[in-house]
Amino acid sequence: MNDFPEGKEATFQCANGYLKEQGSERITCTSGKWSTLELTCKKKDCGAPREKPHLKYEFSEEGTLFGASARAICDKGYQLTGPSYRQCYATGWSGRPRCDVVTCDKPPEIMNGTITEKPGEEFPEYGGVIHYSCNEGYTLIGNKSIECNEDGEYNSLPPECKDVNDIPLKPTATISITTTSSSTVPPTIRVSGRNNCVGEHDTKSATENAAVVGIVISTVIVALIVLFILYHSYKRKGSYQMGEDPSRTKELLQFQNN
């Protein structure tokens, strides 16, 4: 059993990570009893971490107090180097993360073409643009420029330079002409190509040729109809004359002579 003499004092201190807030850290033995401890302690505040370019933090519920944690986040186009979390200790924030700009590989060269413009650094940084052009006699196929994106990749493949003589011509379209029996309506030309597109175009030469064909066809049809009507009419009249009664014919002749 520990005995403390009358008037003996005992001193307290805040735990690691805590600071004195108020009250005395001493108590006194009086009449065999210790006086009430008035000391109160609070968590140490690490404060906001030092600002660095393109770096920000997300804090836990404790904020910046002792025991709190902070997650390091880089801006778009930058990558984190170092710990992704920092802890508030009694000595301050742990770790020293930083954000470095994202870089891409060396810009690729192209055959029969050159790089006309690029960033100054050997490895283009995020947002750097590389421009291409083709040599004389060649045509550029694809995007004329590529850009280094936030993932450290180029946003597209570099273009190609094709010989102008090697570029295939557009596919030949098929043309069909539709005419009508009436000579007053011009024919219609329907043009269909690779993409199943159909267009209607009137041309002077096609209209004239189709009009002549329509007139000839119409004339032949009308002539055939007239001949057909005349033939049937003549045949019917002859049948009536051959079938008449002889006595009736005689009476008609006598009537005409009187």
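Glycine residues also receive a Cβ, built from the backbone N, Cα and C atoms like all the rest.
Annotated features in TrEMBL:
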type	residues	note
DOMAIN	1-43	domain 'Sushi'
DISULFID	Cys14-Cys41	disulfide bond
DOMAIN	44-101	domain 'Sushi'
DOMAIN	102-163	domain 'Sushi'
DISULFID	Cys134-Cys161	disulfide bond
TRANSMEM	210-231	transmembrane segment
REGION	239-258	region 'Disordered'
To the nearest Å, how far is the Cα of Cys41 (disulfide bond) from the Cα of Cys134 (disulfide bond)?
74
Assigned element (helix, strand, coil) containing Cys134 (disulfide bond), judged by DSSP:
strand
Give, as a single whole number between 0 and 100, the mean pLDDT over the domain 'Sushi' (44-101).
96
Counting Cβ atoms within 10 Å of each candidate's own Cβ, which of the disulfide-bonded residues Cys41, Cys134 comes out highest?
Cys134
So among the disulfide-bonded residues Cys14, Cys161, who's got the most Cβ atoms within 10 Å?
Cys161
DSSP on the domain 'Sushi' (44-101): how many residues come out helix, how many strand, how many coil?
0 helix, 28 strand, 30 coil
Distance between Cys161 (disulfide bond) and Cys14 (disulfide bond) at the Cα atoms, whole Å?
75
Helix, strand and coil residues within the domain 'Sushi' (1-43) as assigned by DSSP:
0 helix, 19 strand, 24 coil
